[in-house]
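The next block holds one structure in the form of structure tokens; read it before the comments.
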Protein chains: 4
Amino acid sequence: MQQLTIAGTTFNSRLFTGTGKFGDAATMEAAILASGSELVTVALKRIDPKDPERHDMLAWLRHPHIRLLPNTSGVRTAGEAVFAAQLAREAMGTNWIKLEIHPDPRYLLPDPIETLQAAAELVKLGFVVLPYIHADPVLCKRLEEAGVAAVMPLGAPIGSNRGLRTQDFLEIIIAQSKVPVIIDAGIGAPSHAAMAMEMGADAVLVNTAIAVAGNPVNMAAAFREAVSAGRHAFEAGLPGESRQAHASSPLLAFLDE
Amino acid sequence: MQQLTIAGTTFNSRLFTGTGKFGDAATMEAAILASGSELVTVALKRIDPKDPERHDMLAWLRHPHIRLLPNTSGVRTAGEAVFAAQLAREAMGTNWIKLEIHPDPRYLLPDPIETLQAAAELVKLGFVVLPYIHADPVLCKRLEEAGVAAVMPLGAPIGSNRGLRTQDFLEIIIAQSKVPVIIDAGIGAPSHAAMAMEMGADAVLVNTAIAVAGNPVNMAAAFREAVSAGRHAFEAGLPGESRQAHASSPLLAFLDE
Amino acid sequence: MQQLTIAGTTFNSRLFTGTGKFGDAATMEAAILASGSELVTVALKRIDPKDPERHDMLAWLRHPHIRLLPNTSGVRTAGEAVFAAQLAREAMGTNWIKLEIHPDPRYLLPDPIETLQAAAELVKLGFVVLPYIHADPVLCKRLEEAGVAAVMPLGAPIGSNRGLRTQDFLEIIIAQSKVPVIIDAGIGAPSHAAMAMEMGADAVLVNTAIAVAGNPVNMAAAFREAVSAGRHAFEAGLPGESRQAHASSPLLAFLDE
Amino acid sequence: MQQLTIAGTTFNSRLFTGTGKFGDAATMEAAILASGSELVTVALKRIDPKDPERHDMLAWLRHPHIRLLPNTSGVRTAGEAVFAAQLAREAMGTNWIKLEIHPDPRYLLPDPIETLQAAAELVKLGFVVLPYIHADPVLCKRLEEAGVAAVMPLGAPIGSNRGLRTQDFLEIIIAQSKVPVIIDAGIGAPSHAAMAMEMGADAVLVNTAIAVAGNPVNMAAAFREAVSAGRHAFEAGLPGESRQAHASSPLLAFLDE
């Protein structure tokens, strides 16, 4: 499997994970290790250095192969996002930031205007910016022009587990993008992750579907396999769909002879 | 991963494969080995003992972990199918038979009437019968009552690579069946195979999508991973879909404080 | 709109309706009249001549433009179906019969084996047979060869309102059939009915979606319009789908000049 | 059917149409009349007053029940859009404007940033603004706050005829919007238009599917019926989908008695 490079950093795994919704920290750590993930996103709130209990949470994620990706979840404007990113850089010692701006608490859908504005400012401030956005191909191009390191279009609303409901637009984004495309949000089953990779996505980010599974550790391992399967299939060359049947087996002529 | 048992035989792999459409026999063998498949279907025509070249084809499939499953592809009636199954038993030394009766050469869709009749006769003749059929839940129950060892409903027309187009009915079949359910035909990508397993199918049979891939050996490995991923996810307990967003990350309140 | 002919009888409406699940008989009559339907199916049980109240139900359906189509709903074998058809012929004075054989009370899916057997017998007994079946193209051809007047493949399980979940197979059935194809079961919205007609189906049968609507009479009128829309679109020639955008408006060049 | 009001103007028809791609002007006029449409969009370029032939095109659209809606198709920035809108106001004597800004000539997808900026400016300049946008619920809310008269989210790329590929997001937009929601782009068949109305959209805009049909006039009439059907169904109260069958007919018990 080809390695993935984002902003000069190389990843062996194309499965990125999140840290929300797990029942406890030990399960979270075990699941993340089982996933093979090398990029793990953490909400800034959870690493508030003033709160020892929350700060301690980082201890579970300290593994040499894991890069932490703080996210700005909870902010509602570009200004709040830039401020949150700066806090995160200080608290976590990384200039990587997952930019999430969703003003609406019900569907948690990202704001395109604030996101582009914040992305441009953060790039100027030296951040490696990975914005979470709607599957909007024009917005992706504008973010790319603004200097983001990757784009993170959604498959479906966060936590909905509905899969790649934006497929037609993800295909366009993947075809056009010069930066890595990471499908984020909505991936609710390993088959969804495999499909994203088969379409040529560079990576997927999965959180809810692992965290709330009956067995999160085994589900993480399942996603690891599925992402690998989908990427291998993409590299091996999938055949196209057909409206007509094509026999797998040559027809048996001798019975008529 | 739980083992699968069909007619008293245990399988570690839930990926069954076919032998049609490969560019050459060496690639076929390598792909089947890479798939980890332990049940491989072969058209009777291709093992005609009178034709040394065709018979030789079996040599590529002789591996201790592989059970051969002759199929009756090409027959059009129950009578032809019973005759073909008997020829296959003699030629290949196995009483397992994949029963395929498709009178129409264009779509290769199976005939429900002839299939049930042939299945009942073959069961009486001591065969272990695995019938390929439409995703028809009532027919599946009748075949089960006739004593088949498993049912093999189709996902889409053979070779179409369109995936699980019969999903609503496969779900009913899986919920009702007392014999293993093997999804056959139409599976065109690892994500389709993973989805079948996530739904609770017992196994999948894949041929075209591997055989005509750019790199059949790597594609076989990708399917192996995907089937494992889907089964692990099924066993680990997938969460349901939701119409509404659910935050993966707790909302960041402190910026407002 | 072209007229539809079944067994020599001509219909101006391609929307067939049922009589089950309505809140009361007056609403049923008003909805059926609003639908414009000229073929209305009635369960034999509801016209039991020994029960005056049930028999009276037919009074609501006596309109010169409406042909009644008794159905065998509730039977589980070919023998029961033939018996029920004969009762219906006697009770209702029509040799038309909608053949429904569904042994399973949960999903009410039709039995292909019993249906073919009963259809063949009923044709020999002089009935005009319209069998309700799974969307199985091979079964449809066999029923056609047995002399049925039309085939009635399902779109989805009865009463599920899920639409044309068997679309891939309906397309094959429509392409192959020499008798009219009436999509039955699963049609839950006018858009589903329109889609069936756009695909080239000859007619649709709708019951649940009208009967349990907030306003059954207005819903019946909506289905009438949708069926007409879909048929007109089919006759007018629908353009194909495209993966790429095509401007509706010529691009505005002069702003650059 | 309830009337639709946009910016104080009332419409009896919920089918809006376009003028591009027709084979000739007479067919265009006949199709638009057959559609019953009362709001017809015209690319500014086609009504260039300096070019008598193009200007003449408006003559085909002058009917008392039709309001013209100039669009800014072809512009690539907010500045160009505002300029084009002002030209259109002068040339056509209307302050209504369909705001379309699509910088990419391949997929013609709208630019969210430029669209919001132009919308805000045009509202201040006294225009009644109807922006064509991606099916982005957050963007729709921001446009609503900026004072647009309606939002026009896309179903699929323009001219693709692929239908409501953005369904999950259209549902959210419809649920949240305080201004009318008009589904624009991608509607390729009357069934798509009916589905949009069943979902609760306020109107649809159709151009390509009518203009390039085999018979555009009859196709326009088909869309008219489908939009009416879908709206009537919405108002009549559609039943929900179900995973399980529900008999339309009471089961026939007496055969067992």
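Any Cβ shown, glycine's included, is placed from N, Cα and C.
Note: TrEMBL annotation is automatic and uncurated.
Features reported for this protein in TrEMBL:
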- B:5-250: domain 'Thiazole synthase ThiG' (DOMAIN)
- B:Lys98: active site, schiff-base intermediate with DXP (ACT_SITE)
- B:Gly159, B:Ala185, B:Gly186, B:Asn207, B:Thr208: 1-deoxy-D-xylulose 5-phosphate binding site (BINDING)
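B:Gly159 (1-deoxy-D-xylulose 5-phosphate binding site) sits 17 Å from the residue listed as 'active site, schiff-base intermediate with DXP', taking the Cα positions as reference. Taking Cβ-Cβ distances under 8 Å and a sequence separation of 6 or more, the neighbours of B:Ala185 (1-deoxy-D-xylulose 5-phosphate binding site) in its chain are B:Tyr132, B:Leu154, B:Gly155, B:Ala156, B:Pro157, B:Ile158, B:Gly159, B:Ser160, B:Leu205. The Cβ of B:Gly186 (1-deoxy-D-xylulose 5-phosphate binding site) has 29 neighbouring Cβ atoms from other residues within 10 Å, across all protein chains displayed.
Proximity to chain A, defined as a C-beta distance under 8 Å, is registered for the following recorded positions out of B:Lys98, B:Gly186, B:Asn207, B:Thr208: B:Asn207, B:Thr208. The residue listed as 'active site, schiff-base intermediate with DXP' sits 14 Å from B:Asn207 (1-deoxy-D-xylulose 5-phosphate binding site), taking the C-alpha atoms as the reference points.
The C-beta environment of B:Thr208 (1-deoxy-D-xylulose 5-phosphate binding site), restricted to residues of the same chain at least 6 apart in sequence and closer than 8 Å, consists of B:Gly18, B:Gly20, B:Lys21, B:Ile158, B:Gly159, B:Asn161, B:Gly188. DSSP classifies B:Lys98 (active site, schiff-base intermediate with DXP) as strand under the three-state reduction. For the recorded site, B:Thr208 (1-deoxy-D-xylulose 5-phosphate binding site), the DSSP three-state label reads helix.
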